[in-house]
Amino acid sequence: MRLEIVDIGHGGVGIARHDGRVVFVRGAIPGEVVEVEVVSRQSKFFHANVVDVVEASPHRVEHPWAAGAAGVTGAADFGHIELAWQRKLKTDVVAHNLRRIGGQDLAEAIKPLRVEVRGVDSTDGWGTRTRFDVVKMATGVGMYMERTNRLVPLDRMPLALPELERLDLFGNAWDGVVAEGERMHVVSPASGPDVVVAGQTYAAPGRQADPFIHERAVTGADVFEYRISSGGFWQIHCQAPSVLLQAVLKGAAAQEGESVLELFSGAGLFTVPLARAVGERGSVFAIEGSERAVRDARVNLVSMPWAKAEVARIDEGTVAGLRADVVVADPPRAGLGKKTAAQLARCGARRIVLVSCDPAAMARDVAELVANGRKVEAMEAFDIFPHTHHMEVVTALS
């Protein structure tokens, strides 16, 4: 099937039309004419993959990873696009979701903020990922083919930090580490040359292996240190913790003596600096659904008794009745949800900061907060997942 790609859609797919149906095409760039293979059919839309580029975009480049170029694993689904153009397309996706989901009034209100997805460093985007998952195979490791249960063997991971190369990750059978078919979480911490694979630390020569992962985030002259359990959540781009932290602190503008409510607080990336900002005359109440993350957060907050981390399921019932001067929320990909966002808007906070990893969920959450009396004061978008369609958006509301 030959198609002309007319737009970019949610999830980074190219959009085309055929016989009255929308076709979502992986591996295409708006403006291109491509031959595709349909991989799934619904009554109103198809999903397809590019098999040949008939008329290429001037922004198409050679993908450094053959599997990624074919859209096999989806791990670098924008790797065939110039980096600057990737960010332009992501900016279009943010604007499109604000308009489609949030409505024209919200889109026009945010337009003066000139939101653009921007890079977080000066690199080409490759070799920046500090962690990723692979699956043990009989003779190495692999990733699942997108939308299937089929494993594809890998011989390299161009997104990963160079430190991960010295492990011979892809040539090692990893017998005795995990069973065949199990996932392996691979981490290169900020603290040094150690690498953690499936919970086991592989130390550089002359170093003692540490069972925990040590990370840091920097804002100006301030350096914040964190201890994370092996397998615990942390941002995957080496610059992401510092970049997101700076945006959150700027948006929150927490003052000494104030109270802060943090939702989906993880291991305390934002909690620790917020606690330092409000000081011992203030308070921070952090809520997180993962027991392991809360254990990590409590270790990271041990010197700040005015900051508490608790395990709880976060929904409108959890938020109801809570009051704070500042609220920071970093929900999972699904976002806050309509009822929780509406409840949060009424919590009395002078400032709400929302960290979103999905532009559609961000648009839904921001629209609900605005509908319940909030005003968008600032919005920043960051390309902390270069060569993929993913991004992070930080929104500050009064």
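A Cβ is built for glycine as well, from the same backbone N, Cα and C atoms used for every other residue.
Curation plays no part in TrEMBL annotations; they are all automatic predictions.
Copied from TrEMBL, the annotated features are:
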- 1-52: domain 'TRAM' (DOMAIN)
- Gln235, Phe264, Glu288, Asp330: S-adenosyl-L-methionine binding site (BINDING)
- Cys357: active site, nucleophile (ACT_SITE)
Asp330 (S-adenosyl-L-methionine binding site) CB neighbourhood, other CB atoms within 10 A: 21
In three-state DSSP terms, the structure that Glu288 (S-adenosyl-L-methionine binding site) belongs to: strand
Residues lining the S-adenosyl-L-methionine site besides Gln235, Phe264, Glu288, Asp330 (CB within 8 A of their CB center) are Phe233, Ser265, Gly266, Leu269, Phe270, Ala293, Pro331, Val355
Using DSSP, tally how many residues of the domain 'TRAM' (1-52) sit in helix, strand and coil. 0 helix, 33 strand, 19 coil
Need one number: mean pLDDT over the domain 'TRAM' (1-52). 94
Only counting partners 6 or more residues apart, tell me which same-chain residues put their Cβ under 8 Å from the Cβ of Cys357 (active site, nucleophile). Pro332, Arg333, His390, Met391, Glu392, Val393
Protein Cβ atoms within 10 Å of Phe264 (S-adenosyl-L-methionine binding site), excluding its own: 19
Taking every protein chain in this structure into account, which of the binding-site residues Gln235, Glu288 has the most other Cβ atoms within 10 Å of its Cβ? Glu288
